[in-house]
Amino acid sequence: MFLLEKLPLCLDILEITLKIQLGEKNEDMLRQIREMVNMCALGKIQGRTPHLYLSIAPFFLEEIPIFNGFHKLMKVKKARKTLRQLGSWSTPSEISCLSLSPDGSILATGLENGNIMTWDTKTGLEKGDAFQGHTDRVTSVAFSPDGEKIVSGSWDKTVMVWNVRNGAPEGDPFQGHSHWITSVAFSPDGERVVSGSYDNTMRVWNAKTGAPEGDPSQGHSDAVSSVAFSPDGERIVSGSDDRTVRVWNARTGAPEVDPFQGHSSGVTSVAFSPDRERIVSGSEDNTVRVWNASTGAPEGDPFQGHSNWVNSVAFSLDGERIVSGSYDNTVRVWNARTGAPEGNPFQGHSNQVTSVAFFPDGERIVSGSYDNTVRVWNVRTGGSEGDLFQGHRHQVNSVGFSPDGERIVSGSFDRTVRVWNSRTGAPEGDPFQGHSDYVLSVAFSPDGERIVSGSDDNTVRVWNVRTGGPGGDPLQVNSNVVTSVAFSPDGERIVSGSGANTVRVWNARTGAPSDNTVRVWNARTGAPEGDPFQGQSHFPRQWYSRWSSVRL
């Protein structure tokens, strides 16, 4: 497993090697190897046994010469679909916004619960504890140019600056807006912060002291939804619910040209191109537009393809592509010059996409969504990865592999348990029905023949995997929700945890309960070590609702 722990290092080596002039053929090969390593680090096989990592190599046979030897073992004539999604991970709350560090190594996500979480983009693992300080939804986050700070805006009407390394706030919140903050950004020199608000104004702040620089910029007749500095820091662009885009002098706050008009509904997101010559905007009219930054004239027709609001837009670092995320749950990539879509929509999110960004390499995109997931996508490859495990009518709260890895079990708020073929994503049989409320936890028995489920209906149930039939009567749990269940290694017992602060152990065959405590024992003497484990006070219903974000 040593090699698997070094996958991030492999990615670093590949990134360095790609910067060396190796010739087009070798460069293409290294990019494909990097794609494969990314799959291992962020994809669905993450953390599995080594042979599963090895098993993906045949899918790269035709493209990478060093895998030619695999022809003797396996021949993949044609993959059923082309990979686009490279990986995903879940958060405990809706993702309102995200931002990548300048080097692409860290992802910051702003959440509905008021917290900010940072992630290692190579492994998908959280970096440290959540940044806590806002008292309401975080609507916008952005890194400073040196990657050392993050600025955030919130529905609590404040702007905050954070130390990326330790998550501590740097100074007091910036106060002055009289309504929700919708958008924030650092200036290119890191010395200033701009914020837009539902109070129809835009403000510029000293990034170190939080002092306002000049008066608020006024001119929009409705909420300012998005703001961004130009690459040289001399101008600020803003988009508003008044359907216009405006450009301002960053030093004086004065408007530089007349409002850009063309959208037929509110403007949700704006950004400058890297060369400062163009501005992209997304709108509630379902379109993306590109404008001449100096004159406000539209460059070409609107980009059409989304079937609902466009929530977020961004340029690639070379200015040749634009990415958009939408209320229609999809991500799209466009040719920035022609407006033509590049490939099909990226499908996989199950709720609106709130934020999108290009990685610095221009070959990957990250997206955040109200489905509580972050997803990383490959820009170049055609076809969408998508989610094949479809059938539940409500959110999935718990999933687990069978011991042989051939099946997946899932439990859902739709009150059912389902079994899936892990290779094809197809359901195996009908849903297991019997619970009268949310299914919160599921697990396979060690022999793979039974499944245990726990529910908000206060019961634990055991199911026959082959038939979907119940294995006896429900196990009743003292009028409280069952939040977690698991089999013992020998399959003879079941343990359950409940909202009543209790843990119970049951006979898996008869359903008879043992005592209600969990203890640690000395393995040599049999003597108990310490007191029984006791739970904390009863938690509210929304606790498990917010944390049940595991998705297939």
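Numbers run from 1 along the shown chain.
Quick reminder: no glycine exception, Cβ is built from N, Cα and C everywhere.
Unlike curated entries, TrEMBL annotations are predicted automatically.
Within the same chain, residues 7-8, 11-12, 41-42, 46, 87-89, 130-143, 145-147, 150, 152, 154, 156, 162, 164, 167, 354-355, 357, 359-361, 366-370, 372-374, 376, 546 sit at least 6 positions outside the repeat 'WD' (95-124) and bring their C-beta atoms closer than 8 Å to a C-beta of that stretch. For 95-124 (among others), the entry in TrEMBL reads repeat 'WD'.
Away from its own ends, the repeat 'WD' (131-172) comes close to residues 96-103, 106, 108-118, 178-186, 188-190, 193, 195, 197, 205, 207-210 of its chain (Cβ-Cβ under 8 Å, at least six residues beyond either end). The repeat 'WD' annotation in TrEMBL covers 131-172 (among others).
When DSSP labels each residue, the repeat 'WD' (174-215) comes out as 0 helix, 20 strand, 22 coil, counted as helix, strand and coil in that order. Feature annotation from TrEMBL assigns repeat 'WD' to 174-215 (among others).
Residues of the repeat 'WD' (217-258) grouped by DSSP class, helix first, strand second and coil last, total 0 helix, 21 strand, 21 coil. As annotated by TrEMBL, repeat 'WD' applies to 217-258 (among others).
Marked as repeat 'WD' by TrEMBL: 260-301 (among others). Per-residue confidence over the repeat 'WD' (260-301) averages out at a pLDDT of 96.
What TrEMBL records for 303-344 (among others) is repeat 'WD'.
Here TrEMBL flags 346-382 (among others) as repeat 'WD'.
Taken from TrEMBL, the feature repeat 'WD' covers 389-430 (among others).
According to TrEMBL, the feature repeat 'WD' maps to 432-468 (among others).
Here TrEMBL flags 475-516 (among others) as repeat 'WD'.
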Secondary structure content, the repeat 'WD' (432-468) (per DSSP, counts of residues): 0 helix, 20 strand, 17 coil
Helix, strand and coil counts within the repeat 'WD' (346-382) (DSSP): 0 helix, 19 strand, 18 coil
